[in-house]
Ligand code: UD1
């Protein structure tokens, strides 16, 4: 891409990746046909569809209408294909529904993880509280329950999104009451709760940090529209600010981006909410802002690379703190190649104003880092090549096409190598 554009126009926000993958997993909770709409055209959805297919479901997707139907068998398989599971961490979301409904779930662990390691300890401990026996067998996490799971009170050490979702999906068919305390409050979890309720589940406290689930004997399939993707919406909003543009983010839910839009306003942007979305415009060099990532409603870690890219072209010094993941700053190395002035220290990064970012060849290490690098390339002088863009395909439908429609000088090279 060649930097120097001002993004202007309108972009339509699809359903959220982090919601739809869990809605798909939840379809395992009831035999019959689940229908999901606003399904984004992204790679992770394809992989999750393959996971469900290997468990015996029949998945049909109509890309033109964004609709997916999942026909779940009366007795789904227990073991997901390890190669597929290793490709997306979200596939761990099949654990709760499968053990809850069928009494057994087998999910391969990435790279020989052990139970008790940071990555899945809250999922495992929670399922054990519900009465499941959880072991590692040949690198596969196996959860079993001889009868129905038994409702219990569970306190999470940290409001983990994935653990909250797994325990919700395990609790809905358990005997008695399950309470998940210190639950994550992300809008995608409220969306999952809504879907489970439509399936016949009884959940109180939706949107809060204490979820009370009254187990039911069985659930029925439902039809549900996926909540819009707040991270995709936030990415375009930050792009509008960085390029001093003017973008209407149709179907964006401003109420899910409270602190993000507040920060963009503090940077000097004008944010107008209304008319089925919100509009972000900017006509000056952004002022620097400090950002601390936290579980929702804090600033989302999934917008960290994008906000660091913004700070790299802002005036003044900014301090960014990452509190959720420890490997996000890998992205900073690539941003340095574009001339950003920044220094990381532990989970902090200090970003100083650069006179001008300069195009270079950089590489995406994950989906959000890829988006951050593309935004940086849009304001860098000259040509920027972003490699490994298959990461971006995991979470952004039509990213290049959308940016081009907004005025960016960007193209995707054959072999999906550069954007
Ligand atoms: C989800 C999102 C991801 C987002 C993240 C935080 C999906 C598919 N992914 O990931 O985009 O960045 O929420 O908003 O929805 N942890 C443990 N033990 C556990 C579980 C988690 O230590 O049992 C740690 C993780 O290592 C991480 C932190 O808790 O440091 C947050 O993880 P979690 O909230 O579970 O994120 P995910 O569900 O994996």
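Cβ coordinates come from backbone N, Cα and C, glycine included.
For 3-403, the entry in TrEMBL reads domain 'Enolpyruvate transferase'. Taken together, the residues in the domain 'Enolpyruvate transferase' (3-403) have a mean pLDDT of 95 on the 0 to 100 scale.
Annotation for residue 18 (phosphoenolpyruvate binding site): spatial neighbours 90, 161, 186, 188, 229, 231, 302, criterion Cβ-Cβ under 8 Å with sequence separation of six or more. What TrEMBL records for 17, 18 is phosphoenolpyruvate binding site.
As annotated by TrEMBL, UDP-N-acetyl-alpha-D-glucosamine binding site applies to 89, 302, 324. Counting every protein chain shown, 24 other Cβ atoms lie within 10 Å of the Cβ of residue 302 (UDP-N-acetyl-alpha-D-glucosamine binding site). In the three-state DSSP scheme, residue 302 (UDP-N-acetyl-alpha-D-glucosamine binding site) falls into the helix class.
For 113, the entry in TrEMBL reads active site, proton donor.
Geometry remark: residue 17 (phosphoenolpyruvate binding site) versus residue 89 (UDP-N-acetyl-alpha-D-glucosamine binding site), CA distance 12 Å. Among the binding-site residues 17, 18, 302, the residues whose Cβ sits under 6 Å from any atom of ligand 1 are 18, 302. Report note: the UDP-N-acetyl-alpha-D-glucosamine site is defined by 89, 302, 324, and the residues of the same chain whose CB lies within 8 Å of the CB centroid of those residues, excluding them, are 161, 301, 325.
Residue 89 (UDP-N-acetyl-alpha-D-glucosamine binding site) is surrounded by 14 other CB atoms, counting those within 10 A of its CB over all protein chains shown. Sequence-distant contacts of residue 324 (UDP-N-acetyl-alpha-D-glucosamine binding site), defined as residues of its own chain at least six apart whose C-beta falls under 8 angstroms from its C-beta, comprise 293, 294, 295, 301. Its Cβ taken as reference, residue 17 (phosphoenolpyruvate binding site) is surrounded by 28 other Cβ atoms within 10 Å in the chains shown.
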